[in-house]
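Since the structure comes first, as structure tokens, the remarks are kept for the end.
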Amino acid sequence: MEGRNVKNGDTNNNKIVGSSLSIEKNPISPPEASSLKKLALVASIAAGVQFGWALQLSLLTPYVQLLGIPHTWAPYIWLCGPISGMIVQPTVGYYSDRCTSKFGRRSPFIAVGATLVGFAVSLIGFAADIGHATGDPNGNVPKPRAIAVFVVGFWILDVANNTLQGPCRALLADMAAGSQAKTRYANAFFSFFMALGNIGGYAAGSYSRLYTVFPFTHTKACDTYCANLKSCFFISITLLIVLTILALSVVRERPFTLDEIQEEENLKNNTGGCARLPFFGQLFGALKDLPKPMLILLLVTCLNWIAWFPFLLFDTDWMGKEVYGGTVGEGKAYDMGVHAGALGLMINSVVLGIMSLGIEKLARLVGGVKRLWGIVNLILAVCLAMTILVTKSAEHYRATHHVPGAIGPPLPPPGFKGGALAIFSVLGIPLAITFSIPFALASIFSASSGSGQGLSLGVLNLAIVVPQMFVSVTSGPWDALFGGGNLPAFVVGAVAATASAILSFTLLPSPHRKPKSEGQWVAIKNKEAVLIFNFLFFI
């Protein structure tokens, strides 16, 4: 989308009229877009990151129980991701836009982020050993020193991932050099490699004898399960470091000189910009004066993540409790449901990977990326609504097939399990779009208005992490209000997905169209505001 409003006489000064997010047009000749091979190479870093996250999802909960972390601590531990994402990623994005390292603007942050990920994962894996060496007791009792090491490592890991992923996506946008097609391909590659990382992580986590490859991991403080976790983490660190070194060695950035930054800041000060404000002044100014396309994109993304996060947070718990009828810590039904949910996540990742490779063609088939995003958000809403049907059918089956005196509830028949796994698999389609299109649109809109890629993607991240914090804090009381279980949060997600789809169809601009004039934006301002208010009030 061409988003530059250039007034008469401005072209000689290379000025771009924009919001406080905007930067001045670089006076040097624009760079050429990189090849798809180089874009794919940089995007492959996502596989190393996601491999580690998949291990956490599949192995970390039992490890937390092994260390004896109290249940009341869990919300504080898992909230660190959204909190660090809200602070770290915009900060890193802002400073990566202004980095003058001889290695480039994004590469230093990517390298530091990968190093911190390796350090954090090592702390998590060796938490039990470090705790034992510093005085933790043996046996199934809380291990306070190991818990402290684990929590520190977990927080560092979230900070490191946000330090790594934001500049990585910004580098992909830089390499696309304003080409909308290559921007979409780059983000599709990123989504594809996230799927590959998920598949590898779930596969490694499911193999219970991987520790035999690294026999030194089995210690007095670290049993077979713990040793297997450490072995998986060794593979995760190696994969991430190798992919990062390979990508940064092949793809060399042009250094951004101090003179260029100074020239931009001087131009901003002459035109009333806010280049000399501190970072948070820039961030709040960016949120205040965002271009209309970015504002709508943030709203659609926010609603989209209100829909997604309840399911991503409770998907395996839903399988264990609602579909299999189990109770945490009692019998085998819950554990069997969780394992079935892990299989669903594996299938979901496969669909996610396949779908990521076809986003560009599918977008052309349905008439554009905004229409595609709207369609898949409707699919997301239907899938979340279908969890009600599967849950109620499973409850009815257990009520009619209960055997007095039996240990545990009757297991659901294959048809119910298949229906639940079908929901997991179909959700891989909208998940591929969620991991790709919003970031591509943010890069396109920010490039059109002259905005810095790092800060723009950091602002977009706020529309992702704020809904996550909201869901984390409110989903428990909301579910308890309706008698417990996960369905109330899923219903809210279905409504939010529907609202996100409608806004995507009606208000989200198409990136290939020329921008509306300021007068045209003012003409639709009231209609837009009323629609947004109604949707938010309805939700």
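Using N, Cα and C of the backbone, Cβ positions are placed for all residues, glycine too.
According to TrEMBL, the protein has these features:
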- 39-64: transmembrane segment (TRANSMEM)
- 76-95: transmembrane segment (TRANSMEM)
- 107-126: transmembrane segment (TRANSMEM)
- 146-164: transmembrane segment (TRANSMEM)
- 185-205: transmembrane segment (TRANSMEM)
- 233-251: transmembrane segment (TRANSMEM)
- 294-314: transmembrane segment (TRANSMEM)
- 338-359: transmembrane segment (TRANSMEM)
- 371-390: transmembrane segment (TRANSMEM)
- 420-442: transmembrane segment (TRANSMEM)
- 454-475: transmembrane segment (TRANSMEM)
- 487-508: transmembrane segment (TRANSMEM)
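Taking every listed stretch (185-205, 233-251, 294-314, 338-359, 371-390) in turn, the largest tally of C-beta pairs under 8 A with the transmembrane segment (420-442) is reached by 338-359. With respect to Cβ pairs under 8 Å, the transmembrane segment (294-314) is most closely packed against 487-508, considering the stretches 76-95, 107-126, 185-205, 233-251, 487-508. The largest share of C-beta pairs under 8 angstroms with the transmembrane segment (76-95) comes from 146-164, of the ranges 107-126, 146-164, 338-359, 371-390. When Cβ-Cβ distances below 8 Å are used as the criterion, the transmembrane segment (146-164) is approached by residues 45, 49, 52-53, 64, 67-69, 73, 77, 80-81, 84-85, 88-89, 92, 109-110, 112-117, 119-124, 126-128, 130-132, 136, 221, 461 of the same chain, each at least six residues removed from its ends.
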